[in-house]
Amino acid sequence: MSLLLAFLLILPFNAHFISASDPDPVQDFCIPTTPSGFTTCKNASDATVEDFIYTGIKASAPVSVNGFSSKPVNSNVFPGLNTLGGSLVRADFGVGGVNVPHYHPRATEVAYVLEGRIYSGFVDTQGKVQNPGLMKIPSTVFGSDINELLLEKAFGLSAKELRKLKKKLGSS
């Protein structure tokens, strides 16, 4: 009994060691053979151009009382997206319209405004509204104080080559 109790108490602290996933799909695409049963895929040679075309977001949905409407596009309504890891939404805002603050735990959001202006942003872990920004890897890595021996080994560089890259890329 005490061994089981010890196991149950230790398991939550070590769960990261026993969980794993593969973010890469097993196949390039999977067009489901039935509208809601995403378990069986069409034979790839039977896929057609129409399997990868969706026109359901051409027209807007009625705007709600908060001045916002959305039409989600995911593999439930567009089977060609199945297993590709993508989705999108058409969002229409009336004047003063609001979309509730939200987050995407497994996704990135891109907004493309066709007409007008919207206020949009990201909140960091300190609770501050921010622009997600841009970080250029070469200047960030070679302009940092990362241990030079580590950089030499990681990139297969000589000390002379590393100094040259740091001089060229480190100041931007």
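A Cβ is built for glycine as well, from the same backbone N, Cα and C atoms used for every other residue.
Whatever TrEMBL says is automated annotation, not expert-curated.
Summarising the annotation, TrEMBL assigns signal peptide to 1-20.
For CYS41 (disulfide bond), the number of other Cβ atoms no farther than 10 Å from its own Cβ, over all displayed protein chains, is 17. Per TrEMBL, disulfide bond is recorded for CYS30-CYS41.
Annotated domain 'Cupin type-1' per TrEMBL: 55-163, in sequence order.
For ASN99, HIS104, GLU109, the entry in TrEMBL reads oxalate binding site. Sequence-distant contacts of GLU109 (oxalate binding site), defined as residues of its own chain at least six apart whose C-beta falls under 8 angstroms from its C-beta, are absent.
Positions annotated as Mn(2+) binding site by TrEMBL: HIS102, HIS104, GLU109.
Neighbour density for HIS104 (oxalate binding site): within 10 A of its CB lie 8 other CB atoms from the protein chains shown.
When the recorded positions CYS30, ASN99, HIS102 are compared by the number of other CB atoms within 10 angstroms of each CB, HIS102 has the fewest. Apart from the site residues HIS102, HIS104, GLU109, the chain places the Cβ of TYR103, ALA107 no farther than 8 Å from the centroid of the site's Cβ atoms, the recorded Mn(2+) location. On the backbone, the CA of CYS41 (disulfide bond) and the CA of HIS104 (oxalate binding site) stand 27 Å apart.
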